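Student: For reference, the structure I am asking about is given below.
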Amino acid sequence: MEMSLPHQIPSISGTPVVASETCETNLSSSTLTTSSMWKVPDQNLSIKVNNQADFDRISPIPSPPLSPLKPGTRPDLSVACQAFMEPRIAENEEKTDVFYEKSNLFDEIEVFGSFKENGSPENHVKLDLFDEIKGFGNFKEKGIPENAEKFDLYDEKLDILHEMKGVGDLKEKGVPVYVMMPLDSVGMDHRVNRKKAMNASLMALKSAGVEGIMMDVWWGLVENESPGEYNWGGYVELLEMARKHGLKVQAVMSFHQCGGNVGDSCTIPLPKWAVEEIDKDPDLGYTDQWGRRNYEYISLGCDTLPVLKGRTPVQCYSDFMRAFRDKFEHLLGDTIVEIQVGMGPAGELRYPSYPEQNGTWRFPGIGAFQCYDKYMLTSLKAAAESIGKPEWGSTGPTDAGEYNNWPEDTNFFRKEGGGFDGPYGEFFLSWYSQMLLDHGERILQSATGIFENKGVKISVKIAGIHWHYGSRSHAPELTAGYYNTRYRDGYLPIARMLARYGAIFNFTCIEMRDQEQPQDALCAPEKLVRQVALATQEAQVPLAGENALPRYDAYAHEQILKSSLLNLDGADGDAEMCAFTYLRMNPELFQPDNWRRFVSFVKKMKEGKDVDRCKEQVEREAEHFVHVTQPLVQEAAVALSH
C-alpha cells in the first residue's frame with residue numbers, strides 16, 4: 001500500500017480513524033479525528049489492515065507479525081499518524097514543514113514506518129549524519145536535501161531530528177542482527193539446497209525482527225568450470241527469496257576453500273582451473289617451514305603475478321566482484337546492503353596459521369608462520385636486502401616452535417629474551433604483517449571502485465585470536481599476521497587501512513567471556529574485543545561483530561549485547577556496533593528453547609542502549625513472537641533436519 005502523505009493529509013483531515021486493540025490488555029476501541037492542527041494522539045492509536053494477501057505464508061499463522069502486541073495491524077500507519085500529530089514537532093513546525101516538503105520519505109509509508117520499527121533508515125544510508133555535515137549529501141535516495149545550510153544544521157537540525165519522534169534518530173538505534181546462512185545454501189548443482197526449509201526459515205527470521213542474512217557466494221561454485229565463466233544459478237533464487245521476505249543481505253565474496261576450518265560442514269574447493277594451476281605450481285599455496293602446503297586460499301605472495309591462466313589472483317577476485325555487481329545490480333543498495341570481501345582462509349584477513357584439517361593444529365597451539373612458498377621468500381629476500389641485512393632474507397624464524405607448542409616452549413616467543421622482541425624479530429614481523437596489510441589494501445581498492453555509488457557497504461572480517469593473549473608475545477596472533485604484542489597495537493594499523501576505504505571492521509569472538517576459556521592458555525577474548533573496539537574508534541571506522549562459535553544460551557546472548565554496546569572508557573555514549581551477524585541458521589536455532597532466547601536477544605539488540613528501560617516489555621513481546629511463529633518455526637526445524 002503506497003501513500004503520499006503530503007498530498008493526502010488535507011483530504012483525511014477530519015476523517016474518523018478507528019483505533020482497535022487486540023492484545024491481552026483488552027483495551028477498548030475508540031474513534032479519533034485527525035485535523036490539520038497538530039494534536040496529541042491517542043496512545044492506543046493503530047490502523048487496521050484487512051488485506052494481508054501480499055504476505056506469502058507457508059503455514060497458516062499470523063504472518064509475519066509486524067507488531068508483537070497487535071497482530072493483524074500495520075504499525076507503519078500508526079507510526080506515521082503519531083508522527084504527524086506529535087506535539088513536540090509542532091514546536092518546530094516551520095522547519096519540519098520544510099523538511100517534509102523537501103523529503104520523499106513519505107512517498108512510501110512502509111519506508112517511513114521502518115524508521116520507527118527498525119530504529120534506522122535503510123541500511124545503505126550513511127550513518128555519519130551526526131558527525132559530518134557531508135552525511136546529509138548521502139541521503140539523496142531518501143530525498144533529504146544536500147543544501148544543509150537551509151536547516152542551520154550545526155545549530156538546530158540535530159535538535160529538530162531528535163524531536164521528530166515519528167521519524168526517530170537518523171543515527172541507528174540499537175544493533176541490527178543478521179543471521180549467517182548454511183555454508184551449503186547453494187549446492188554444487190547450482191540450486192538452492194532444501195528450498196522449502198530455506199523459505200520457512202527466512203519467514204521465521206523475518207518474523208523475529210532479524211534485519212537480514214549473510215550468505216557466502218563461493219568462487220569455487222560460480223566460476224568453477226572455466227575462468228571468466230560465471231554460473232549464478234541458485235544465488236539468483238536465494239537472493240530473490242530474501243528480497244521477497246524483506247530481508248537485507250550481506251553477500252560474502254568467498255575466495256577461499258570451504259572445509260578444514262572450525263564449523264565447516266561441507267567441502268567447496270577452489271575453482272577447478274585454479275586447482276589445476278596449483279597442481280602445476282604448488283608454491284601458489286601457503287607453505288610452512290616443513291614444506292606443508294595449504295590450499296585454502298591462494299598465497300598473497302603472488303597477488304600481482306599472472307599465475308592463474310594469465311590473470312593475477314587480485315584480477316580474478318576483481319573480475320568476480322564485477323560480474324556479481326553486473327548480475328545483481330538491481331538488488332544493490334536495496335536487498336544487498338553489504339559486500340564482505342574475503343581475504344584469506346575462512347574469509348578472514350589472515351594467514352592460514354592454525355589449520356585444523358588432518359589434525360595439524362589443535363587449540364590452543366601457537367600455530368606456524370606461512371611464508372615459505374617461493375613467492376613469499378622472494379619478497380622477504382628483497383626486504384632484507386633493502387635494509388642491508390641479506391642474511392635475514394633466506395628464511396623465516398627457525399626457532400618459533402611447531403603448531404601445537406605454547407609460547408614458552410620456543411626461543412622466539414618466550415617472554416624473557418624472546419626473539420620476537422629483538423631486531424630480527426621486529427624486522428620479520430613488520431614485513432610479515434605488512435604483506436598482509438598490502439594484500440588487504442589491493443583487494444579493498446578494487447572492491448570500493450567496483451561497488452562505488454551502488455549503495456552498499458564494504459566490510460572485511462578479522463579473526464578473534466584470543467588464546468595466549470595474556471602472554472607478552474601474543475604468539476598465535478603473530479603467526480596469523482597480526483603484529484600485536486604486549487608492547488605494540490596490531491589492530492590499529494588494520495583499522496586505519498580499512499578507514500581509508502570506508503570499510504567496516506568485522507570482528508569475531510564477540511560472544512566469549514574470559515572466564516569461560518582455559519586460563520592456563522591466558523585466553524582473554526573480552527580484553528581482545530575491547531582493544532579492537534578502541535582501535536576502531538581511534539581510526540573512526542565502523543565495528544561489526546560475529547560470534548566465533550554457535551551459541552544458543554542466554555549467557556552468550558548477554559555477552560554479545562554487552563560487547564555490541566561498546567561501553568568503553570572515554571567512548572562516545574551513543575557508540576554501538578553497526579551490525580551483528582549471528583552464527584548460524586540451522587535446526588538447533590529453531591528448537592523451542594533456543595528460538596525463544598534468540599527472539600528475545602534480537603529484540604534486545606534492536607533496543608540497544610535503551611534495553612534496560614523496557615526489558616520487561618521486550619520479554620513480553622518476544623514471548624508473543626515465539627507463540628505466533630511456533631508453527632512456522634516447527635516447520636523450519638523439521639525441514640532443515642532433512
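For all residues, glycine too, the Cβ spot is worked out from N, Cα and C.
When I checked TrEMBL for this same protein, it listed these features:
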- Glu348: active site, proton donor (ACT_SITE)
- Glu546: active site, proton acceptor (ACT_SITE)
- Asp216, His256, Asp264, Lys461, His466, Thr508, Asn547, Ala548, Arg584: substrate binding site (BINDING)
Student: For the residue listed as 'active site, proton donor', write down the residues of its own chain that are at least 6 apart in sequence and whose Cβ falls under 8 Å from its Cβ; none is a fine answer.
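Tutor: Gly342, Lys461, Ile462, Ala463, Thr508 - these are the non-local Cβ neighbours of the residue listed as 'active site, proton donor', listed in sequence order.
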Student: Cβ distance under 8 Å to Asp216 (substrate binding site), same chain, sequence separation 6 or more: which residues?
Tutor: Met181, Leu183, Ser185, Val252, Ser254, Cys258, Gly347
Student: Using a Cβ-Cβ cut-off under 8 angstroms and a sequence gap of six or more, which residues of the chain neighbour the residue listed as 'active site, proton acceptor'?
Tutor: Met180, Lys461, Asn506, Phe507, Thr508, Ile510, Phe580, Thr581, Tyr582, Leu583
Student: Across all protein chains in the structure, which of the binding-site residues His466, Asn547, Arg584 has the highest Cβ count within 10 Å?
Tutor: His466
